[in-house]
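To start, the structure itself, in C-alpha cells.
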Amino acid sequence: MKISWKNILLTLIPLGLISFLVWQGFNNTTNPQFTKNIASSRMTYGRFLEYLDLGWVKKVDLYDEGHTAIVEAIGPELGNRIQRIRVELPATAPELITKLRKANVDLDAHATNDSTPAWSLIGNLIFPILLIAGLAFLFRRSSNLPGGPGQAMNFGKSKARFQMEAKTGVTFNDVAGVDEAKEEFEEVVSFLKKPERFTAVGAKIPKGVLLVGPPGTGKTLLAKAIAGEAGVPFFSISGSEFVEMFVGVGASRVRDLFKKAKENSPCIVFIDEIDAVGRQRGTGIGGGNDEREQTLNQLLTEMDGFEGNTGIIIIAATNRVDVLDAALLRPGRFDRQVTVDVPDVKGRLEILNVHARNKKLDLSISLELIAKRTPGFSGADLANLLNEAAILTARRRKKQITISEIDASIDRVIAGMEGKALVDSKTKRLIAYHEVGHAIIGTLLKHHDPVQKVTLVPRGQAKGLTWFTPSEDQSLISRSQILARIMGALGGRAAEEVVFGLPEVTTGAGNDLQQVTSMARQMVTRFGMSNIGPLSLESQNSDPFLGRTMGSSSQYSEDIASRIDMQVRAIIQHCHTETVQIIKDNRVVIDKLVDLLIEKETIDGDEFRQIVGDFTSLPEKIDYKSQLKST
C-alpha cells in the first residue's frame, strides 16, 4: 500500500488540533488559579467597605496586581452564608490594606502568570490558521481534478455522462419483443449514419423521440442499444439530476448540457424519467414548483427555441406521459412518440430466447409454453423469471433448470415468496373451500378465463391462491366477461357461506370484495353498462399537485349518486345470488376437489377441469380475440 504524505498530513493536522485544544482545556481546569479566581456575584467597592466595617468580610484574595479582589463575606443580603464575591478595586487605595489588617481579615495576594497571555494568543490564532490552511489545501487539490480550479463550486455544470463512442454492451440484437419501437430507432440510427439517403428526398432528421410505456418494458434498454449502434457521441442523464437544492441550478445544467451537445453534434442526448422535470405547468396549489418550471422552460427553449439545435437528437423515456407538459410533447420537440407496451406471446418468446442464451435449460423445457403461461409479463418480469429459476436451480444443487424451477419462479414473480405449508386443520379446509369456490365458478362460466392452477401453498400475504390464464387481448372486455369475473371473485365467499354458514365466513374475501365493488362501479360510472344508461359519470381525477387545475372534475346530482349506489348494489347482489346457486348445485364435486387439494396441496388446471367434467358438462370458452378478427 502506497503511503501518501497528503493523507498523512490530512490525518495529523486534525489530530494535532484536537490534542492542543484538549491539552489547553485540561491545563486551564487543573490550574489552581483557575478555580480560585471564580465568584458567584459582583459587589461595588463602596459596598465592600461597608461590609468590611460591619465585620462581615472573612477573607480577601487579590489578583491582577491588586486591581481585582475575590471576597469571602457573610451577611443578611447573602442569605447568612459565606459567598465569594468579585470586587473591582480602584487604582489607588492605600488605606485598604490597613483596614483589612485592623479587621483581622485573612489577606492573600496572587502573582500573575506571565505565560498565560502567550498561550492564550497561540490558542486564539491556531484554529483560524489551521482552517485557512485546510481550505487552501482543498482548493489546491480541486485545481488538479479534471474539472480544473473551482471544481467544488461547479453546481451549475451538467451531470450528463458523455461517451464519444458509447460502449454499453447492448445492441439491437439484444432487444426483443418490441419490434415497432425497434424499427423506429433503427431508422434513427440510419439517419445518423447515412443522412444523405433521407435528405435526398427532403426529409429532416427527427428532433426528438419519446419512449412511453409501463415500467420494465425495455425503454432504457432501447436507449442503450441506440448508444451501442449509432456510432455518434452519446449523452445520458436522469431527469432528477437537473434540479437540486440551489435555485437556478436546473436551468444552468440544461444550458450546459446542450452547449456540450452542440459542440459534439451530431449526437444523441438521452433523458431517462423525463417526467421528473417535464411535468405539466399549471396553477396547482401555491403556483407550482417555480424552480422545476424554470428548468422545464429552459429545456423547451433548448429543444426548439430561437437558436435551434441542429444535429442533436433527444431521446427521452417515461411511464407517466399523462403528466407531461403539452409544450414538451408537440412536434418539433418530440416528433415521435413510441409506445413500448407489454409484449404479446410472440414478443415474450423472443425475449425469453434472448435471456435464455446463457442459461442451462433442460431439453424438456418449452420456451413457447412459458410464453403462453405468462400473459401480461414485461421484459423485466421475464428476465427476472429466468434469473429466479437459475438461482433456485443452484440452491437445489442441480445442473440444469427444469420445469419445476420455472413453475416455482412464475409463482414467486406473481405472488411472492413461498411460505410454510399449512397443517391439517379447520383453517386449511376453509381455505381449500374458498379457493375451490373461485376455481369452480371460473370453470363453469363460459365467459370466465380458464383456471391455470389452484394451490394451498402460502405465498406473500395469501394463504391460498387460484390462478387464471387471461386471454391475450385485454384491450376489449365485454359486459359478460366483467360479470363472470365478478362472480369468480365472489366464489370464495359463496363457498364459505354454503359450506360453513354465514356466522363462519371469514375476512379472507376482503380483497375479493374490493375488486368486485370496483368492477361493478366501473360498469355503472365508466362503461355505461347499467340501467342508468350509456353515461360516463366518472370524475376526471385532475390532481392539482401534478400541475393541473382544481376545477375540472365532473359533477352530478345526489339523485344520480343514489342511483349509482343502487345499481352497483344490484349488480353485486345478482352475481352473488347466481354464484351461491352454482356452489349449491355442484357441492359434491366441490367436496371431492377439496379433499384432493388438501391431499396434494396443488391441482393444475387440466386436472381440475377433468375432475369437474366427470360430474357436469363444461362450457366451451369463448375467444373474443378470434371473434373480433372474424368480424
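Placement of Cβ uses the backbone N, Cα and C atoms for every residue, glycine included.
Together with His434, His438, the Zn(2+) site in Swiss-Prot holds one more listed residue from Asp341, Asp344, Asp512, which is Asp512. Gly216 (ATP binding site) sits 33 Å from His434 (Zn(2+) binding site), taking the C-alpha atoms as the reference points. The Cβ of His438 (Zn(2+) binding site) has 27 other Cβ atoms within 10 Å, all protein chains considered.
Cα to Cα, Thr220 (ATP binding site) and Glu435 (active site) are separated by 39 Å. Here Pro215 (ATP binding site) is compared against the recorded positions Glu435, His438, Asp512, and the shortest C-alpha distance is to Asp512.
Pro214 (ATP binding site) has Asp512 as its nearest neighbour among the recorded positions Glu435, His438, Asp512, going by CA to CA distance. For Lys219 (ATP binding site), the nearest neighbour among the listed recorded positions (His434, Glu435, His438, Asp512), judged by C-alpha distance, is Asp512. Within the model, the topological domain 'Lumenal' (24-118) carries an average pLDDT of 72.
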